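Report on the structure given below.
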Amino acid sequence: MKINVGHNNKGGSAGWFLSKIVIEDIGNKRKYDFPLNRWLALDEDDGKIQRDILVGGAETTAISYVVTVFTGDVRGAGTKSKIYLVMYGARGNKNSGKIFLEGGVFDRGRTDIFHIELAVLLSPLSRVSIGHGNVGVNRGWYCEKVVILCPFTGIQQTFPCSNWLDEKKVDGLIERQLYEMVSLRKKRLKKFPWSLWVWTTDLKKAGTNSPISIQIYGQKGRTDEILLNPNNKWFKPGIIEKFRIELPDLGRFYKIRVWHDRRSPGSGWHLERMTLMNTLTKDKYNFNCNRWLDANEDDNEIVREMTAEGPTVRRIMGMARYRVTVCTGELEGAGTDANVYLCLYGDVGDTGERLLYNCRNNTDLFEKGAADEFTIESVTMRKVRRVRIRHDGKGSGSGWFLERVLVREEGQPESDNVEFPCLRWLDKDKDDGQLVRELLPSDSNATLKNFRYHISLKTGDVSGASTDSRVYIKLYGDKSDTIKQVLLVSDNNLQDYFERARVDEFTLETLNIGTISRLVIGHDSTGMHASWFLGSVQIRVPRQGKQYTFPANRWLDKNQADGRLEVELYPSEVVEIQKLVHYEVEIWTGDVGGAGTTARVYVQIYGKDGKTEVLFLSSRSKVFDRASKDTFQLEAEDVGEVFKIRLGHTGEGFGPSWFVDTLWLRRLVVREADLTPEEEAQKKKEKDKLRQLLKKEQLKAKLQRKKKKKKKGGVPTEEEEEEEFGPGMQEVIEEYKFEAHRWLARGKEDNELVVELVPAGQPGPESNTYEVQVITGNVPKAGTDANVYLTIYGEEYGDTGERPLKKSDKSNKFEQGQTDTFTIYALDLGALTKIRIRHDNSGSRPGWFLDRIDITDVNNEITYYFPCQRWLAVEEDDGQLSRELLPVDESYVLPSEDEEGGGGGDSSPLNSLALEQKDKSTTFSVTVKTGDKKNAGTDANVFITLFGTQDNTESPLSSLLSSLLCLPP
């Protein structure tokens, strides 16, 4: 059935090209041919010196195994002896035979990886034997463990050893039987063996040594980029090259993309065709090309897509040419000198990322106000649904303001252009600092529909852990995957990225890829210090309400561990976090003198289901200039239908005064589809057509495989996405307009830095005025010099937010026995339920004894009484600086006709009030443990906020501001 042939790699010229072996069975008069026509050489082909060959045909139908051998980190652990391995099947009656692990280093602390192909499926393994030949100067070896992954089954098994294989140590054994630690078994993505043949035409200069990559598309998805010649091996004219590749289950293939990245003369390639064959099922696909991939030949393109043909293919897809117009904005500095890349996504697949260099109408690309036209040829995608565009940040003027992208099929009129608006910067120093944008058609909103993936990378705390290389990451979900994104701009703006024991944070904004199953992370090994020790990766997806943790704890370094610069990680933990939704806030600053502000602007949103936290509106661009429009993307709690917002600023900076004109608030909601009869009929027609196509494909699959019909996979269409929300439901943008037309400034209008607004044209709370009387107690040293803040809570419309009590009717506020009166302008809260009063402990005498607070609702002519009669002082009472007070009936606080001094005496109703209020409140004991590290303590003011299902304790705005001021802008 098969033979195994190899050599020991000895002699001056050990490499061997084997044509075939013929074996005769003389007794039974049979003859067996074992053709191979491949190298058995460490420096040729795939570097193997041992192969299985099937009778009558090339090599065996191989099952591959990835064997990782860990040499221990103990003195003398390394060996120069030849290491071999035997793998045993589940029942132990099948084994691999003795496999010598050629090319391994086996130095102390080293990890060596080997790719082994066998004709037999052994996974899951019952045990392995590992040993060595016991020859050489340093023959003893300390093996830590062996990890074996079978891509075909997706099973990864760990076989611990932690012992010497040395005739002079321990028990003297040089071969050991290792058994699996079942608790460490992991399930990985299944992959299947395929053979790929590549024909280069015999034209003059048809060959190339440019790095050739491919990407294969099937009904169930696509592969990653596959580099065919990592060592720049030549594709010679007239020669057929064969490759072994492992692919996940993609269903039936429908196209392949092939490309290289070199545009210099002589680097082009003339490809005739490619053929893919499943080595297990023998399913075969042909991809015909017969074109140049050359920046100086044919149409000057270095990317080609080929549609699948052959007996396995049920329907051959056609080719299409897309006219893409990229419009750069008119703003100052809008143009870019960077390399721009674009990818189109359609109902069926995508074009892959294309470098935009071959412009049809302009020599200088992406200049201010220019519209640059390009042609992209690909297998048809039906309707284009999404555009991803980015640049590489290179060049002195790399920042770019992209206005929009227009797409239509070539040959169609300009009126058929689909517009994908952007109107944002792709600039490390402006907007949100991102260099990539994903765009949706003009009737949608990409920034609201896209998901944000917040990535935290922790560099390990070992010597030399940091790196200067460019780090990239790619995420894989059950719906789709992201691009391989280079992490250029961090959210936390650390001065140097990927430093020892530091955590760098990045945001990746893209379509919903579903539940994350794995990721790939690596670096390009550039810079003065390229090696990197990666500790862990954590990914938060607030819109999913999930947080994923990927432990790594390994080197990514050519000269450390296994020498790999890229690693695939799987989540060890997925935890539920607070689910957030996306809001878009658009603010128009007025066109009056001095309208702009340098202060930090914040907003808080109130709805029927609750309120958001205080959300600061930050950007890397200069914002809130006179007559400007600024847009911000926020992630916050879903508050339901919005009934008010609070808008304000912190009042700091050299020009804090601000004239705000209008604010727009947008969010996505799922509701019943609201279509005209014509739109409904068209949508039904499209759905019926799609359903018929799917049914036909499923029927063909059923007849072919004689199995249950399977649902067609692949890139989801817009119709399929809508089905996620249920029949007749769709995701729509809900929009609120808030008109201000006023100053938020000290010394102008009402001197307020904050305003509450209701949506225009919608019912909501009316404006109200609250007259606040603060009565300081009449005990020694009762007054305070600190800054005092008040929050008022209502039954119907939330709260006022924290307001500083600055402008009193008295010149010197909060003196002993004094009553200070303040006015707070806010939207009506309904019946008042509680207040929170605090001070910031500033000044020479901050301690304060508060008697009570009376609040009059001017609109409704109702007065609420909030007794306190306690200290707000670090050195008095319980040391608290904040109190929450509940309203009481006036009989509790106002003296009757026969009493003197409100609330005094043993028979006062206030004596029983304390127990009543205590019953309505809760006390939380907070224990803070400071770490036991050098310089772990702090002299800073520490604050904490507790969040519950109904409300939160609210961090003081001033404390939030202090923490923000410590961060880079």
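The first residue you see is number 1, and the count goes up from there.
Glycine is treated like the rest: Cβ placed from N, Cα and C.
Because TrEMBL annotations are produced automatically, they should be read as predictions rather than curated entries.
Annotation comment: TrEMBL describes 1-54 (among others) as domain 'PLAT'. Per DSSP, the secondary structure of the domain 'PLAT' (1-54) breaks down as 0 helix, 31 strand, 23 coil.
Mean predicted confidence for the domain 'PLAT' (63-179): the pLDDT average there is 91. Summarising the annotation, TrEMBL assigns domain 'PLAT' to 63-179 (among others).
TrEMBL lists 192-307 (among others) with the feature domain 'PLAT'.
The domain 'PLAT' annotation in TrEMBL covers 320-440 (among others).
The feature domain 'PLAT' is assigned by TrEMBL to 451-570 (among others). Helix, strand and coil residue tallies for the domain 'PLAT' (451-570), in that order: 0 helix, 60 strand, 60 coil [DSSP].
Sequence annotations record features per position, and here TrEMBL assigns domain 'PLAT' to 581-695 (among others).
Under the heading compositional bias 'Basic residues', TrEMBL lists 702-713.
What TrEMBL records for 702-727 is region 'Disordered'.
Taken from TrEMBL, the feature domain 'PLAT' covers 768-886 (among others).
TrEMBL lists 922-969 (among others) with the feature domain 'PLAT'.
Within the same chain, the domain 'PLAT' (63-179) packs against the domain 'PLAT' (451-570): three or more Cβ pairs sit under 8 Å, each pair at least 6 residues apart.
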